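Handing you this structure, nothing more for now.
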Amino acid sequence: MDYYRKYAAVILVTLSVFLHILHSFPDGEFTMQDCPECKPRENKFFSKPGAPIYQCMGCCFSRAYPTPLRSKKTMLVQKNVTSESTCCVAKSLTRVMVMGNVRVENHTQCHCSTCYYHKF
């Protein structure tokens, strides 16, 4: 009988520690965050009152899958995983000067397309 009480005590302590850790995080910490749609959003750093600068921001498609054997045979350096992705890029833009002599792109339309600059 005393043997079962020890196990019950250990289980209760473990459960209470787990619940304490779980409740110490803000709401939604463990849930998947929604990824915003790819669209122009205001860049607060370059924008001025009355002259907003927009940059494309948001999420697009990406996936990884095992490299097909037929493709693997043609690779100089074989890799087991192949990945595909698209990035949120400007479909149309205008170049503007801000802060005197800094040229930036003011994005007017965005879409998901080939990633040219990869962020690490």
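Positions of Cβ are set from backbone N, Cα and C atoms, glycine also.
Quick paste from Swiss-Prot:
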SIGNAL    1-24  signal peptide
DISULFID  CYS35-CYS59  disulfide bond
DISULFID  CYS38-CYS88  disulfide bond
DISULFID  CYS56-CYS110  disulfide bond
DISULFID  CYS60-CYS112  disulfide bond
CARBOHYD  ASN80  N-linked glycosylation site
DISULFID  CYS87-CYS115  disulfide bond
CARBOHYD  ASN106  N-linked glycosylation site
Do any residues at least six apart in sequence from ASN80 (N-linked glycosylation site), in the same chain, have a Cβ closer than 8 Å to its Cβ, and if so which, in order?
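In sequence order, PRO66, THR67, LYS72 meet the Cβ cut-off.
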Work through the disulfide-bonded residues one by one (CYS88, CYS110, CYS115) and point out the residue whose CB has the fewest other CB atoms within 10 angstroms.
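Minimum Cβ neighbour count within 10 Å, taken over the disulfide-bonded residues CYS88, CYS110, CYS115, occurs at CYS115.
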With DSSP assignments reduced to helix, strand and coil, which class does CYS112 (disulfide bond) get?
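Reduced to three states, the DSSP call for CYS112 (disulfide bond) is strand.
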Go through CYS60, CYS87, our disulfide-bonded residues, and report the one whose Cβ sees the most other Cβ atoms within 10 Å.
CYS87
Roughly how many Å separate the Cα of CYS112 (disulfide bond) from that of CYS88 (disulfide bond), to the nearest whole number?
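Computed Cα spacing between CYS112 (disulfide bond) and CYS88 (disulfide bond) is 5 Å.
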Just to be sure I understand: of CYS38, CYS87, CYS88, CYS110, CYS115, which disulfide-bonded residues have a C-alpha no more than 10 angstroms from the C-alpha of CYS59 (disulfide bond)?
CYS38, CYS87, CYS88
What recorded positions in the list CYS35, CYS38, CYS88, ASN106, CYS110 lie within 10 angstroms of CYS60 (disulfide bond), counting C-alpha atoms?
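Near CYS60 (disulfide bond) by Cα: CYS35, CYS38, CYS88.
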I'd like the Cβ neighbour count for CYS56 (disulfide bond), meaning other Cβ atoms within 10 Å of its Cβ, all protein chains included.
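For CYS56 (disulfide bond), the count of other Cβ atoms within 10 Å is 21.
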